[in-house]
Amino acid sequence: MLEEDMEVAIKMVVVGNGAVGKSSMIQRYCKGIFTKDYKKTIGVDFLERQIQVNDEDVRLMLWDTAGQEEFDAITKAYYRGAQACVLVFSTTDRESFEAVSSWREKVVAEVGDIPTVLVQNKIDLLDDSCIKNEEAEALAKRLKLRFYRTSVKEDLNVNEVFKYLAEKYLQKLKQQIAEDPELTHSSSNKIGVFNTSGGSHSGQNSGTLNGGDVINLRPNKQRTKKNRNPFSSCSIP
C-alpha cells in the first residue's frame with residue numbers, strides 16, 4: 001500500500017472518432033446517467049470520480065476529447081500528462097473502427113506507451129454492427145491491448161474499463177515508488193501521488209509519470225465504498 005496520507009490521482013484520456021459514445025461513457029461512469037441525444041464535444045470536457053482500488057483511494061480525472069480533426073491542435077495538448085487511455089470505436093461505425101490505429105499513434109506520440117484499453121461501444125446495437133467480432137479481436141491483439149465490449153446505454157462493462165486502467169496504473173506507480181521512494185516525498189506534488197495531510201495543493205507531472213504540465217487540484221481524503229457492477233466482464237486478455 002501507499003502511505004496513509006497519500007492520494008493517487010490518474011489522468012485518463014478518452015479518445016476516438018466523434019459520435020462513438022465518449023462523452024456518454026464518462027457521464028455514465030461519473031454521474032450514473034445516460035443521454036441518447038448526441039452533442040459534439042468542442043475541444044475537451046472533464047469529469048472526475050473518486051473510487052477505491054485494492055484499498056487505495058484513487059481519483060480518476062477523465063478527459064473527453066473531441067473526435068473531429070478541426071480540434072486536433074486543442075486535444076493533443078490535453079493528451080500531455082495522461083497516464084491512461086481509453087480508445088473507443090462504435091459497433092455501428094466502420095470508420096471509427098478503422099481510425100483506432102491513428103488515434104493510438106496520436107496518443108503515443110504525446111505521452112508514450114501508457115496503460116490503454118480498446119473499447120467497442122454500443123454493443124446493444126449488434127444487429128446493426130459494421131464490424132465482425134474476429135476483426136475487433138484481431139485489432140486488439142495486434143495493438144496488444146485489453147479489449148472490452150461495452151454498452152453505455154445498458155451500463156455494461158463501463159466500470160470494468162476504468163477499474164482495469166486504474167489497477168494497471170497503480171501497479172506501474174508502485175513499481176516506480178519502489179525504485180525511487182522520493183517520488184512520494186518531493187516538495188512539489190505530482191499527478192499520480194498527492195500528499196493529503198495539508199490543505200489544497202497543485203499537482204505537477206514528473207518526467208517519470210508522463211508530463212510536465214501543472215493542474216491545480218484539491219485532494220479529497222474521504223474514502224469511498226467499493227462499487228459492485230452487476231455485469232460480468234466480456235474482456236479479452
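Placement of Cβ uses the backbone N, Cα and C atoms for every residue, glycine included.
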Swiss-Prot annotation (motif 'Switch 1') - matching range among 28-46, 85-103, 104-122: 28-46
Among ranges 65-84, 145-164, whichever one Swiss-Prot labels motif 'Switch 2': 65-84
Spatial neighbour of Asp64 (Mg(2+) binding site) that is closest, considering only the binding-site residues Ser24, Asn121, Val152 and their CA atoms: Ser24
Nearest-integer angstrom distance between the alpha carbons (Cα) of Asp124 (GTP binding site) and Ser23 (Mg(2+) binding site): 17
Distance [Cα-Cα, Å, rounded] between Asn121 (GTP binding site) and Ser23 (Mg(2+) binding site): 12
Surrounding CB atoms that lie within 10 Å of the CB of Asn121 (GTP binding site), all protein chains: 30
Three-class DSSP secondary structure - Ser23 (Mg(2+) binding site): helix
Rounded mean pLDDT for the residues that make up the motif 'Switch 2' (65-84): 75
